[in-house]
Amino acid sequence: LYLESQVRVGFLGSGVGLSLVLGFGVAYACYYLNSIAKKPQLVASNDRFCRFLEEYCPVVTETYYPTIWCWEGRVQTLLRPFITSRPQVQYRNELIKTADGGQISLDWFDNNDSSYYPDASTRPTVLLLPGLTGTSKESYILHMIHQSETLGYRCVVFNNRGIAGEELLTPRTYCAANTEDLEAVIHHVHSLHPSAPFMAAGVSMGGMLLLNYLGKTGRDTPLMAAAIFSAGWNVFESVESLEKPLNWLLFNYYLTTCLQSSVSRHRQMLEKLFDMDLVMKARTVREFDKQFTSVMFGYRSIDDYYEDASPCRKLKSVGIPVLCLNSVDDVFSPAHAIPVETAKQNANVALVLTSCGGHIGFLEGIWPRKCTYMDRVFKQFVQAVFEHGNKIFSM
């Protein structure tokens, strides 16, 4: 009994448990390094654009190391809003009128303390477009502004109608296909600072809207360039993916309730034209769009709306340099729907495709509290455009 008490040890201390743990750790590390951590795929037909990105935006050619304990796309998508920090940003709000009598809320970060660009008239300006029900308060928007602040740039956030607390003055909200409000905002911002370099960045639906605008205007835009993050390229494929049982449970139902919540606040205005009881019964994004969005913007059917809203159909007409970041495990934009071949036909377009990252996830580091891979792509590309853009504008 004495000898037994002297040699009795725990599972790990016996050496067997420790060996199993170490073996599992080594195996997981090998799997992570061989199958998870990879360089993104850079798709661009223009050699000059590729060289420009390699020199001034090298992050798009470096290995992306997703957070080792949450690299799967759905997990990254779900955790990002809770894990990432929310930098403090002081906005100046501006309400602008639209031609149809409505109003749009813009949140400005003027960066008047900028030491790099003390002259406000020539301070570079970045227009930011949040996602489907997002506003200037989203963590990914706050991080973009924080990155811009360190570079001395000014930012302005385009909040879609009725989303950021302002009242609807007309029974109209927004959609991914209709670019009228975005055109008004771009014209307004440019008219205020006509001598300032000007570009835009859109996230998720904001990216889709921006791409549809660029496909419509070609080179006829005051924007120098654009950055697109986690855009849904083909809406038909996006909603089909989101209607799979697990994705419906994790994302679709929640998004639908967010959309319903955003319009229910304006019910008194909207029920003049819509059966709001029917709208509030929707259980998927497709049902909401069928009963509300497609009807609001005069489409004959939801298929007509989804076809018009899909940026993949307008990518050939983009006339300024655009960098688009997507993850191939994004359930909002399935890999097979990313228009790789179409992108190769337009010298102005570059796609950056990561193997992991989910939808607006792109977490990296052991504890991904601050900067994400998406933030680094944004910062480097914006800086490259504003400080070295002349090297790609002659493409």
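Glycine is no exception: its Cβ is also placed from the backbone N, Cα and C atoms.
TrEMBL annotations: computationally assigned, not manually curated.
Residues or ranges marked as transmembrane segment by TrEMBL: 12-33.
Residues annotated as domain 'AB hydrolase-1' in TrEMBL: 124-365.
The active site, charge relay system annotation in TrEMBL covers Ser204 (among others). Sequence-distant neighbours of Ser204 (active site, charge relay system) (same chain, 6+ residues apart, CB-CB distance under 8 A): Pro130, Gly131, Leu132, Gly134, Phe229, Ser230, Ala231, Gly232, Phe332, His359, Ile360.
Cβ neighbour count for Asp330 (active site, charge relay system): 29 (other Cβ atoms within 10 Å of its Cβ, all protein chains included). Positions annotated as active site, charge relay system by TrEMBL: Asp330 (among others).
Other Cβ atoms within 10 Å of the Cβ of His359 (active site, charge relay system) number 25 in total over all chains. Residues or ranges marked as active site, charge relay system by TrEMBL: His359 (among others).
Counting same-chain residues at least six beyond the ends of the transmembrane segment (12-33), those with a Cβ under 8 angstroms from any Cβ of the stretch are 68, 71.
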